[in-house]
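Participant: Have a look at this one before I ask anything.
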Amino acid sequence: MEIRERILADMQVAETIDAHEEIRKSVEFLKAYLKKNTFLKSFVLGISGGQDSTLTGKLAQMAISEMRAETGDDEYQFFAVSLPYGTQLDESDRQDALNFMEPDNRLTVNIKASVDASVAALAEAGVELSDFAKGNEKARERMKVQYAIAAMHKGVVVGTDHSAEAVTGFYTKYGDGGTDINPLFRLNKRQGKALLKELGCPEHLYLKKPTADLEDNKPALPDEVALGVTYDQIDDYLEGKEVPADAAAKIENWFIKTEHKRHMAITIFDDFWK
């Protein structure tokens with residue numbers, strides 16, 4: 001199997017979608033997981049104010065609201081968690097996203113003290129973190145907090161990973177990539193926008209430039225700059241359309257380089273890396 005065939009098979013992106021149907025598919029998927037695992041009662045999600053967490057949060061709240069209505073069990077709850085490192089530059093967008101999704105519970109946990117303490121402890125041990133490595137510390141601290149909240153509310157942590165992100169491995173291993181359930185996987189970036197439009201989301205939340213915003217020295221660095229390829233090109237590639245050869249090569253290189261992120265810890269029986 002050629003590399004592109006393998007990528008398209010792995011990422012499961014349809015050439016065209018019906019936004020309403022995909023919304024229902026994600027909501028029913030989330031509900032089915034709770035129905036199968038009756039000891040689970042909540043979803044927990046970190047909210048940044050970007051497209052992916054806005055969409056995921058709205059879908060998670062819809063699923064939880066429907067579970068309450070269907071079962072009469074008020075223990076079903078959605079926890080939307082703001083996790084700033086100090087002060088977030090686009091805090092107004094996060095508030096707009098929260099107002100759009102109308103979560104049952106809003107929590108704020110500032111991760112700055114925890115991250116800075118880890119950085120200082122490592123420095124004391126002779127390990128000076130680069131700005132990039134510190135950025136990954138932020139992502140992992142955010143996930144640690146979400147799992148702590150989930151542990152106290154019979155919950156699972158919902159991920160925002162979609163296929164345009166998964167193909168490039170553009171997330172932190174065991175950070176924002178370390179979640180329990182990903183309702184957006186199979187969608188690319190433009191398809192996620194289509195779902196938000198269908199849901200009546202404020203336009204500025206899905207038109208803003210995507211950024212991981214993890215590095216102190218490169219605040220709000222656009223994803224497309226970091227990747228060296230645009231989301232339109234990634235989306236076209238995943239839909240089986242023609243893309244420039246250099247863009248295809250970059251996408252395929254990212255896919256190969258980040259293969260380890262799409263697997264749990266490697267065992268002696270794994271051979272994808274050989």
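Counting starts with 1 at the first residue shown.
Glycine is no exception: its Cβ is also placed from the backbone N, Cα and C atoms.
For Gly46, Ile47, Ser48, Gly49, Gly50, Gln51, Asp52, Ser53, Thr160, Lys189, Thr211, the entry in Swiss-Prot reads ATP binding site. Under the heading Mg(2+) binding site, Swiss-Prot lists Asp52, Glu165, citing sequence analysis as support. Residues annotated as deamido-NAD(+) binding site in Swiss-Prot: Arg140, Lys173, Asp180, His260, Lys261.
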Participant: Where Asp180 (deamido-NAD(+) binding site) and Thr211 (ATP binding site) are concerned, what is their Cα separation in Å, rounded?
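Facilitator: Here the two Cα atoms are 23 Å apart.
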Participant: Least buried of the binding-site residues Ser48, Thr160, Thr211, going by other Cβ atoms within 10 Å?
Facilitator: Thr211
Participant: Check Thr211 (ATP binding site) against DSSP and tell me helix, strand or coil, would you?
Facilitator: strand
Participant: Given the binding-site residues Arg140, Lys173, His260, Lys261, which one is most crowded in terms of C-beta atoms within 10 angstroms?
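Facilitator: Top count of Cβ atoms within 10 Å goes to Arg140.
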Participant: By CA-CA distance, flag whichever of Arg140, Glu165, His260 among the binding-site residues is nearest to Thr211 (ATP binding site).
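Facilitator: Spatially nearest to Thr211 (ATP binding site) by Cα position is Glu165.
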Participant: What are the sequence-distant neighbours of Asp52 (ATP binding site), meaning same chain, six or more residues apart, C-beta distance under 8 angstroms?
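Facilitator: Spatial neighbours, sequence-distant, of Asp52 (ATP binding site): Thr160, Asp161, His162, Glu165, Leu184, Gly192, Pro210.
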Participant: Looking only at Gly46, Gly50, the binding-site residues on record, which one has the least crowded Cβ, with the fewest other Cβ atoms within 10 Å?
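Facilitator: Relative to the other binding-site residues in Gly46, Gly50, Gly50 has the fewest Cβ atoms within 10 Å.
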Participant: Using a 10 Å cut-off on Cβ-Cβ distances across all protein chains shown, tell me which of the binding-site residues (Glu165, Asp180) has the largest neighbour count.
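Facilitator: Within the set of binding-site residues, the most crowded position is Glu165.
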Participant: If you measure Gly46 (ATP binding site) to Arg140 (deamido-NAD(+) binding site) at Cα, how many Å is it?
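Facilitator: Distance between the two Cα atoms comes out at 12 Å.
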Participant: Can you tell me how spread out the ATP site is, meaning the largest CA to CA distance among Gly46, Ile47, Ser48, Gly49, Gly50, Gln51, Asp52, Ser53, Thr160, Lys189, Thr211, in Å?
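Facilitator: Across Gly46, Ile47, Ser48, Gly49, Gly50, Gln51, Asp52, Ser53, Thr160, Lys189, Thr211, the two farthest Cα atoms sit 19 Å apart.
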Participant: Work out how many Å separate Lys261 (deamido-NAD(+) binding site) and Ser48 (ATP binding site) at their Cα atoms, rounded off.
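Facilitator: Ser48 (ATP binding site) has its Cα 22 Å from the Cα of Lys261 (deamido-NAD(+) binding site).
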Participant: In angstrom units, rounded to an integer, how far apart are the Cα atoms of Lys173 (deamido-NAD(+) binding site) and Ser48 (ATP binding site)?
Facilitator: 18
